[in-house]
Amino acid sequence: MASFKPTKIQVYPKLGEKVTQDTLYWKNYKAPVQIKEFGAVTSIDFSPVTPHNFAVTAFTRIHIYGPFSQEPVKSFTRFKDTAYCGRFRSDGQLLVAGCEDSVVRLFDVSGKVALRLFKGHTKAVHLTDFTSDRYQILTGSDDYTCRLWDIPNATELTTYTEHTDYIRCGVTSKLNRDLFITGSYDHTVKLFDARVEKSVITMDHGQPVESVLLYPSEGLLVSAGGRHVKVWDLLKGGQPLVSLKNHHKTVTSLALSSNGQRLLSASLDRHVKVYNTTNYKVVHNFDYAASILSLGLAPDDASIVVGMTNSILSIKHRKNQEDSKEIAGQQRRRPSYRVFVKGKNYVPKQDDYLVSKPVKEHLAKYDKQLQRFNVSKALDTALGTYIRFRKPEITVAVIKELDRRGTLKNALAGRDERGLSQLLNFIIGNLVDARFTPVLVTAAEMILDIYQSVIGQSPVVDRQLLRLQDLVKREIEFQKDLLEVLGMLDTMFASSLPRKEVPCSGHFEKERCKF
Amino acid sequence: MVEHGDIRVVHCGGSKINFRDPVITHDSRFLLCASGEAVKVFSTSTEECIHELRGHTGLVTGVLLRPSNHLQVYSSSLDGTLRLWDFTDGILIKTCVIGYPIYSFYASDKHENVIFIVASMPSDKRRFQLVAVHLPQSGDQMVEAQELSAVLSGVNPNPAAIAFGRGGEFIASVNDLQWSLEGGWNTFTCVACHPKDDCIATGHEDGKIRLWRNFNHKKEYTYSTLHWHHSTVSSLCFTPEGTNLLSGGVESVLVQWRYNQESERDFLPRLGGAITHITVSPDGSLFCTSHSDNKITIIQSCVKVSAVIQGLVKGDIRTDLMMDPRSKALVLNGKPGHLQFYSLQRDKLLYNLDIVQQEYIHESGLQQFEVVKAAFDASGSWLATVEERHQKAAELELNLKLWAFDEQTQSFVLNTTISAPHDAQITAMCFCQPTDSQTTLLVSTSKDGHFKAWQLAAPAHTEDEGPSWLCDFVSAYHGLVPECCSFSADGSLLAVVFQEVVTVWSPSTWELLTTLSQPPGAVSDLCFGRLSCSKYLLGTTASNLLCWNLLTCSLEWTTSMDVRRLVADPLSENMAAFCYQSGSTDLFVFKPSEPRPLFSHKAVCSGKVTQAVFAPREEMLESCEESSQWLNRSQLYFLTQQMDLMTFTTKAEEDRLLASSKQVSSSHWFSMTPFYLLLGKHRQQQQEHQDSDSSLWAERTALPQTSASMKELLQTPAHVLPSTSYLCSMFVQSLLISVSDARSEKAHAEEEMESEKEEEDSEEEMESSRSKPELAAAAATESDTPALTKAQARELRRVRKLDHSWLAGLLDS
């Protein structure tokens, strides 16, 4: 005696993006904390030492935020004009920032007033950074020059005037105190060595360079400018390795995930894209409300901070693993849980005799009705509010099963106005879903056959029938249009395909089919 | 059966077991049922077939226990004989020649030595009569029944249409259209009589059961109606005490009605196919139902299915015959929505694989999902199946399912379901067979003019689900309908037939390499040569058998014959072509490279052969005759138009089979496992030894006959043997030269004495003062109590030793 085989609910492939390991990782952030700044957020820099505070440069202020509070733990407000590029030193003690008024200021993180002022640039300074020996500062300015300064004396050491346009980005080497890289609006990225007078390597990016980034190994350099993100191999003398074009507006900022496996790029098109650094494929994508100017990633990816043109700073903190698990576990446990698990986790001893209990198989409500051949009730159950709206595939599967049993007509017949309008509502809602169309068309035809004698008696049903008619008409039009487009595409493809001579006159078409 | 030199065509297993109602013996241990030309005896507990009672030369039409001796059974057959068997030993006791084909027969307690048979009327072959046969009392094996007397004419040949009431006091018979018992307005289908009461139950085509009473008085009969079945009641049966009435029909629900309280009923649903027969064991403890899908279900007192005896289902074979490469079982579609795996060696259904996985609705006229195509890959780790359902002319539901073999559960597990893989019916399917390649490829061709290649793709992103099958390539050729496809043995070429044109593709690049064509006539079957003949491609058209050479892309040879089926032997270069000629089918076995066929057999069977398969043998035959060499490695099975499964055997093989069957029949009824052979024989030998030892004690000539058991031990495969540690002692013992019990006892005693001596030697050093009389006394006690075990004796000695030392000390002081 075989047991009753439940109705097979067809599993339809999920539409939309596929769930990957990366998706799970990058989705595991809490809802963003949004902080309104005084102007566009142009730079975000994380302190290299714990607790990894980050400096946010926006308008004439630099705010330093802690990892938890939403209020700034510190703010530097003594700027005459818009501040740029607040950067921490590698020990997290000092902070340097450029300014629109061409003066570079050096702050103690605990103090308020600038420790040193470096004057010498003639235009706004957009790039500031500490060298790895911690005693020098690199600056780059809109006056086409980049300079090295000595911190203790506040004097200028060297000036490089190789760039022919604004210098807007740059980075110093963390391994070598003499190496630094600048990117300029003259489309070039230059690697300088402080021991020689001029640049060592020049790389042509092709667009005004907005951001540069060095890999931790410093063998690879990433530059962003225009819509492109390019990766260069420094060890091979600045050979281009990859060019990525995944944004549709200027890429403004780059960041590297802490383990170096993922590269993040932020753009004015309001997206942050995550690339796999082995194959440079986009593995994830974040959407933001406004164009992004700056991007910061905390060590261990603990938080993602994004600054936007609408002066909003968005901070996303990573979800705590234990927290999320505990909450989920608690939700599942009901008060009767202890009674339920009683004895379930008992491990039988070696010489225990196990009495196997027949597993009671659980049948869904509609299956129970189907088992008893109560076809109308089965359909009613499957049309219950929850199933109808949340899991239409179940309703459709039951209709299909009834059709297979040859009893769909019986199940559909004998309904009052309310029942019929409910049924019609479901059909109208799901008829144009390609997955359900074949089944629902059959059902709709049957309904029309059964109830054609009572058409005109109920305004509710009549209205719905008209809606159904309208829907079908629109769908047919739509399909026609689609077929036309398909035909056009086919001719285009056919003309673009290279004609290949087959030994015998064989016409063959090659198409990839997605199932 | 057609004889042809050394090689014969024989029926091969899978006969119907649901043709007539089975019989359960009095002790409920055996179930007997008619099966083709034999009666099969099954064990009700193990479902194992214990005996086949062979002897009839026609279809067996009934089995009945002999009323006077319940260890004997009668069987009737269309060959016009009644045979009496001893079913426990499987021996034919008596044959009674009637002379007319017997369609069914009955016996009753009241009429000793009388058998009622249903035979056709001499005047009109289509009308039947019930005839009483007086069995002649003689000791001969073969007797002829002379005393025949007609009882009732115009009866139904269906055995369910006649029943004997109250131990044979009256006969109830129903007829198709009219009614022997008047008053019916619906066609009767079956009848049953209450064993104690004057009550007759009849089943009708409208699903009603009527209980008739008071029929002894003319025209005063009364009846009551029971209605549960929604279509024809096909079988009715009263329990032996008459307390319950069992009924069954196409719904496959066994209904148990209480007699006199008919509103109460029990149901046992979902038994399988439609119920055709119901029988109850004589003590009423077991019910058994036969089903239309060649199955017998044994039910314990209407609550629990205790055993299922399943035969090969051969109703409507739509899939090809296939071999499962793993289990070497024949695979074909069986029950609706299932694939059956049938072991040809053991003539037993291994299991059914549920392909459709839907509740089967027992209703006639309902379109069901049917398995229409199936294919295995070379290693048997993948199975592809196609199921379809024609609802209306326009609508076709089609599912392609791919099953992976699960090592743990040893069965196929659904991996991918592709709904609507093609727009129209799938005409052919085949797996790529490369041995080295990692990827498995499946090609399906369809009537929609396309063929598609499916590939096992690793999950692109998620890791929680395993790999699944995706469409890799779609192609068509001039809008023609592809009919069949075939991969070359190394998987480097794919040939797809588009009506008259054979296209050859490269599966690695999906390039059309070449086209071959030889009009007129569409190519209907295609297959690549194997091994040394792999450069040949063979195709069949309605009038020709064609062979192309793939190296030159030209036709190598052609012969004109109407080949209906072309099969290639997977283990050799041989090909078998079944060609249809003037009403019967001929077989040719050939190598593509040789012009002369290896073997040809005219008129293998009547009608067409559309399905055939080469089954690899378990062990190679060593036939040196040229005509039968092609059967050495594999065996050819084919299905005739009448759905009979046939095969070819050589004489040598048949002789061997016969010998082994004799050996089996001589032994006891329980199953002949190698374990039994070993141990059972050994026990017998032991008994013999004991006997011989006692009788031939002095001569001692009877050396132990070790060869048989040794042979068993050495020839049985190791994995079926019990553990070596268990066998070792027995084996060693069997090698020893038999010695008398007394002698061995003596030796044993000596041994013991020796060990004692040793102990005593050590003791003696300490007990220097021990006196001799004491020793003698001790020895005396020891001899007095020979029943003491060694351990006890040792204990005793230790006690004694202690005592003595202490005593000695006392004496010294």
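Placed from the backbone N, Cα and C atoms, the Cβ positions cover glycine too.
What TrEMBL says about this protein:
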REPEAT    B:53-95  repeat 'WD'
REPEAT    B:181-212  repeat 'WD'
REPEAT    B:226-267  repeat 'WD'
DOMAIN    B:321-643  domain 'WD repeat-containing protein 75 second beta-propeller'
REGION    B:746-789  region 'Disordered'
COMPBIAS  B:751-766  compositional bias 'Acidic residues'
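For the repeat 'WD' (B:53-95), the residues of the chain that approach it from at least six positions outside its boundaries are 19-20, 22-23, 25-26, 30, 32-41, 101-109, 112, 115, 117, 133, 135, 140-143, 145, 159, 282, 665, 669, judged by C-beta separation under 8 angstroms.
Residue counts for the repeat 'WD' (B:181-212) by DSSP state, with H, G and I taken as helix and E and B as strand, are 0 helix, 17 strand, 15 coil. Counting residues of the repeat 'WD' (B:53-95) by DSSP class, helix then strand then coil, yields 0 helix, 29 strand, 14 coil. Note on the repeat 'WD' (B:181-212): residues 158, 160-167, 170, 172-175, 221-238, 240-242, 245, 247, 249, 257, 259, 262 of its chain, located 6 or more positions outside it, place their CB under 8 angstroms from a CB of the stretch.
Counting only same-chain residues 6+ beyond the ends of the repeat 'WD' (B:226-267), those with a CB under 8 A from a CB of the stretch are 21, 160, 189-197, 199, 201-211, 273-280, 282-284, 287, 289, 291, 299, 302, 362-364. If you average pLDDT over the repeat 'WD' (B:226-267) in this model, you get 87.
DSSP assignment over the repeat 'WD' (B:226-267) gives 0 helix, 26 strand, 16 coil.
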